[in-house]
Amino acid sequence: MSAPAVPDERVAAVSPVRRLLVRPELGALIGAVVVFVFFALLSSTFRSADGVANWLDPASTLGIMAVAVALLMIGGEFDLSAGVLTGTTGLAVTILATRFGLNVWLAVLLSLVLALAVGLANGYVVTRTKLPSFIVTLGMFLVLQGLNLGVTKLLTGNVLVGGLVGRSGFDSAHLVFASSVVLGGTYFKVSIVWWLVLTVLATLVLLRTRFGNWVFAVGGDANAARKVGVPATRTSMALFATTATAAWLVGTITALRNTSAQADAGVGDELTFIVAAVIGGCLLTGGFGSAVGASLGALIFGMTSVGIVYAGWDADWYKLFLGAMLLLAVFANQFVRRYAERRRRS
Amino acid sequence: MTDASLRTPDAAADSGGDGTPLLELVDVGKHFAGITAITGASLALYPGRVMGLVGNNGAGKSTLVRIVSGVQQPDEGHVAWQGEPVRLRNPRQARGLGIDTVYQELALADDLDATANIFLNREISRGWGPFRVTSSKRMRREAAALFEKFAIQVPASGTEVRQMSGGQRQGVAIARALLGGSKVLLLDEPTAALGVEESGHVEDLVLRLRDHGVAILLVSHSVDQLLKLCDDLCVLRRGRMVGVYSRRDLTGSDVVSLIVGADAS
Ligand SMILES: Nc1ncnc2c1ncn2[C@@H]1O[C@H](COP(=O)(O)OP(=O)(O)O)[C@@H](O)[C@H]1O
Ligand SMILES: [Mg+2]
């Protein structure tokens, strides 16, 4: 009766090449290497230590966001309010510290509370109404954009709030969020450390924790996940809160660096985060992607934005270049998926 | 055989049941806004026996499965577990007793590999507080052991379930149900979407489960398959239970006429 356990050729180990090819971050890794070599050949400044520090800087703030957005996208959701929220949190820090005279640390803490409230509101509405997060967070995006401008003008009569320098707690907060680390005579922004730590942390969470498992499962098929008792709603809420927390970190970093905040900061960045995550291998349909990939996507952005300037080109070419990268990444992803899925039908 | 012997609803209990059934449905019914999904259903599941559940579309098979798995509650009759009446309020409670279900749509997480699917939401982890990490190696080992025990031919790790064949996916879904050590396994049309060869693999698996003492409720449209796998057969027609019959008393044409009710008209 019991069939003998004959080895089945379908069980044969997946070839290492195939395994590598279906890794989400492979495309972004190749892309990052190509972009680096390209600009390194064009400009010696680009490959100098100072140059590296220069392009790691924009990569880091973008990377912090891209990693969080990648987690959210793997979990099957979008957050279009993430960009403008970096503006909101920066404004909150600046306004609370300068117009209300709060200690900068207290202002930073209250800004975090605000960010979490926004993130949880996004998550609550999305999970309760089952509306696409695309629409819900687009609403939040407009609400925040209006608030940023309205409240800032109301309180300060201006669209730029400055004067953080010298406030109590500024120096220590600046040290933590906005200082530079000297490494072999080159100044590296401390945000790079934040970015690397968060990338490692997100990767560990995704690949080595129960929560990480839930994220993949909920993003792939929330109903299937629910059937085995995965707390899908809580998982989504946590992911929205994570994105909001990342936005708070970036907003705080930016405000402390500039010692001021602008009412229109962050608007439009939300798409850049998504593009970086997609270049990093995230699927728009959820359930697939990687934090390292998103960081590599951010690195490509950072290298390109700075590399174009070093190469002496007009910065207008930046967008064209990124558009091409995005399309290339999406085609490559699709190709790899098809390649992987062919096994199922064979 | 005579029509009268065909209509003996207790044939199964006479022939198969040694003592108290593991799980019993007593006169169970479920209605939805004017529709009788099922009524008057009584059947008993025993360790190491396969009960087939057959009937045309809309006969009430899935409803009955959902009642046993705790997804829906009957509004007539009751369910008994090892002789004691129980209310199965939710799937978790049913699973707690050892009643596991493989749904028609499998409900697998396509983006995870077999091990991750089997351990989804019951991951083995080690460490402390917020620093708990999953023990991938241990889970992989346990999944592989489970596959080996039941000769399920599936790569335990490294291959997304999305990339697997229909039979392999069924194997993963069944293995997931078995992980907790199930006593009763409900299979809702496990081979409906499979080719001949793949169906054969799943059928062999069902028999191996039976040999390991699992009580099985198998929903199927295939008369051949039911005759091959079942010890007893419960026939439903348009929301009513026609009867429970011993496999030994049935031929293929008997089953067909019971399903369509040709002899009743
Ligand atoms: N949730 C529900 N609401 C309303 N009617 C239902 C529901 N579930 C099942 N039914 C009805 O009950 C009958 C039996 O359904 P089902 O148990 O799915 O049959 P089967 O699985 O045998 O095809 C069908 O007429 C179906 O339309
Ligand atoms: Mg059905």
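Each residue, glycine too, has its Cβ placed from N, Cα and C.
Model, not experiment: these values are computed from the prediction.
Residues or ranges marked as transmembrane segment in TrEMBL: A:26-43 (among others).
What TrEMBL lists as transmembrane segment is A:55-74 (among others). Counting only same-chain residues 6+ beyond the ends of the transmembrane segment (A:55-74), those with a CB under 8 A from a CB of the stretch are 46, 82-83, 86, 188-189, 191-192, 194-195, 198-199, 202, 205-206, 215-216, 219, 239-240, 242-243, 245-247, 249-250, 253-254, 269, 272-274, 276-278, 280, 282-284, 286-291, 293-295, 297-299, 301-303, 305-307.
Among residues of the same chain six or more beyond the transmembrane segment (A:80-97), those with a C-beta under 8 A of the stretch's C-beta atoms are 65, 68-69, 103-104, 106-108, 110-112, 114-115, 118, 122, 134, 137-138, 140-141, 143-145, 147-148, 151-152, 155-156, 161-164, 167, 169-170, 243-244, 246-248, 250-252, 254-256, 260-273. Marked as transmembrane segment by TrEMBL: A:80-97 (among others).
Under the heading transmembrane segment, TrEMBL lists A:104-125 (among others). Long-range neighbours of the transmembrane segment (A:104-125) within the same chain, counting only residues 6 or more positions beyond its ends whose Cβ lies under 8 Å from a Cβ of the stretch, are 79, 81, 85, 88-90, 92-94, 96-97, 131, 133, 136-137, 140, 144, 164, 167-170, 172-173, 177, 236-245, 247-248, 251-252, 256.
As annotated by TrEMBL, transmembrane segment applies to A:131-151 (among others). If one looks beyond the transmembrane segment (A:131-151) by at least 6 residues along the same chain, the residues whose Cβ comes under 8 Å of a Cβ in the stretch are 77-85, 87-88, 91, 95, 118, 121-122, 125, 159, 263-265, 267, 270.
Residues or ranges marked as transmembrane segment by TrEMBL: A:194-216 (among others).
Look at TrEMBL and you will find A:237-256 (among others) tagged as transmembrane segment.
Annotation comment: TrEMBL describes A:271-289 (among others) as transmembrane segment. Counting residues 6+ beyond its ends, the transmembrane segment (A:271-289) has Cβ neighbours under 8 Å at 23-28, 31, 62-63, 65-66, 69-70, 73-78, 82-83, 216-221, 295-298, 300-301, 322, 325-326, 329-330, 333, 337 in the same chain.
Feature annotation from TrEMBL assigns transmembrane segment to A:296-313 (among others).
The transmembrane segment feature in TrEMBL is assigned to A:319-336 (among others).
If you count C-beta pairs under 8 angstroms between the transmembrane segment (A:194-216) and each of A:26-43, A:237-256, A:296-313, A:319-336, the highest count goes to A:237-256.
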